[in-house]
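Student: One structure, as structure tokens, below. Some questions next.
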Amino acid sequence: MDWPHSCFSLCWILWAASRLRDIKAAEGKYAQKLFNDLFEDYSNALRPVEDTDKVLNVTLQITLSQIKDMDERNQILTAYLWIRQIWYDAYLKWDRDQYDGLDTIRIPSDLVWRPDIVLYNKADDESSEPVNTNVVLRYDGLITWDSPAITKSSCVVDVSYFPFDDQQCNLTFGSWTYNGNQVDIFNALDSGDLSDFIEDVEWEIHGMPAVKNVITYGCCSEPYPDITFTLILKRKSSFYIVNLLIPCVLISFLAPLSFYLPAASGEKVSLGVTVLLAMTVFQLMVAEIMPPSENVPLIGKYYIATMALITASTALTIMVMNIHFCGAEAKPVPQWARIVILKYMSKILFVYDVGESCTSPRHSKERDPYQKDYAETHRKGLKNRDNNIVHKKEINGLLNNDLGTQGENPKEADSYCARYVTLTKNIEYIAKCLKDHRTNNAKGIEWKKVAKVIDRFFMWIFFIMVFAMSILIIAKA
């Protein structure tokens, strides 16, 4: 039952294939005949217009496919474009009926006249010719030429707000030799075509508006039209935030901690110098990718401000260390410093004496005798002197009693008297040394506390300044 039907289907397929082959052969024959007829007396050296005073209109359309590179240092934009040019050739027309209804043919572009439209702001040092792709020729003389191009154009880069910057790069196309009275250029669209754009890892495209300009140069009186495509770019800042900004912020917060480091550790200045060197490395990294310009980038300003703070903190640390190591030979702490720094600022900044803590400060009466305040020691000087006189009287009384009990032998009494006098002098000398030691030790402890209070004060000041700078750069971003 199915054998006749299958045989009929096979015959029909064979007949259709044979007919299609005949049509293609006829089309190829007519295309060859059309090509020979069109280019028999054709010249691609002259403008294809019947009247030399007539303007030849060229429609230009740019499709941005990819941004290959944005060299901020050399200010060069490398882009991959598809360029479409459409114009009419008055000498490449035919009647479709004479060529079996053939309405379009595709021929090499170097066989026809082409407008010499070039990129005005080209930054490539090599002379690149347009790609010789085929053109589509229609029966009414309409020629469509699509050609890919990798362009390198100059772009003025403004890095004032790097890495949160926006850039505008112009692509200006126009005829190199024909003026506006010979070849005029029109926009196919109000902007560049971004439908086939491949997303870039560093830049976002926010538009590509096109504007036609007609310029009269000083050398010539004829107008020269051009079309300028403005590529609006916004940098994706995530990479730079993670690799340049966040490390800088974290390092900058280490600078105030040099004031919190104990002076006895000997590493206060070393910490400041190390942080300064780290910031210098980041500054050099930014300088390598930025163009040499008068406009300092935002992140560069942040680095410079941070380096200035670190330098100031290191210098202040050296001054505070000199105060800390004043020692017993230094002058006493001035009265104003004792009131302002030791009395008020120490309480505000939670700075306590040696051995005290913020949770359980020891009372003054529980302090070690060697840690008494120098002023208190000075005030009690007179009382101690009176006590020494009383002690001397007691000692003399003891001597008299002792001599009285042993005064039976005068020689032995004189011997005992000399011993007690010597002992009294030694005791007085020891007491005097102990008092001097207390006084000098109290003086050194006072200067150390002054240095500690100043350290804590500068630590909070620098913390506030670093935090304010970080907030400022984020707000400007």
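Cβ atoms are placed via backbone N, Cα and C, with glycine included.
Below are the features listed in TrEMBL for this protein:
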| type | residues | note |
| --- | --- | --- |
| DOMAIN | 32-236 | domain 'Neurotransmitter-gated ion-channel ligand-binding' |
| DOMAIN | 244-473 | domain 'Neurotransmitter-gated ion-channel transmembrane' |
| SIGNAL | 1-25 | signal peptide |
| TRANSMEM | 239-263 | transmembrane segment |
| TRANSMEM | 269-290 | transmembrane segment |
| TRANSMEM | 302-324 | transmembrane segment |
| TRANSMEM | 457-475 | transmembrane segment |
Student: Report, as numbers and ranges, every residue of the chain located at least six residues beyond the transmembrane segment (457-475) whose Cβ falls under 8 Å of a Cβ in that stretch; write 'none' if there are none.
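Tutor: For the transmembrane segment (457-475), the far contacts come to 245, 249, 252-253, 255-257, 259-260, 298-299, 302, 305-306, 309, 313, 316, 320, 345, 349.
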Student: Hey, which bits of the same chain come close to the transmembrane segment (302-324), Cβ under 8 Å, at least six residues off its ends?
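Tutor: Apart from its flanks, the transmembrane segment (302-324) reaches 245, 248, 251-252, 255-256, 258-259, 263, 268-269, 272-273, 275-276, 279-280, 282-283, 286, 296, 447-448, 450-452, 454-455, 458, 462, 465-466, 469, 473.
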Student: In the predicted model, what is the mean pLDDT computed over the domain 'Neurotransmitter-gated ion-channel ligand-binding' (32-236)?
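Tutor: Mean pLDDT across the domain 'Neurotransmitter-gated ion-channel ligand-binding' (32-236) comes out at 90.
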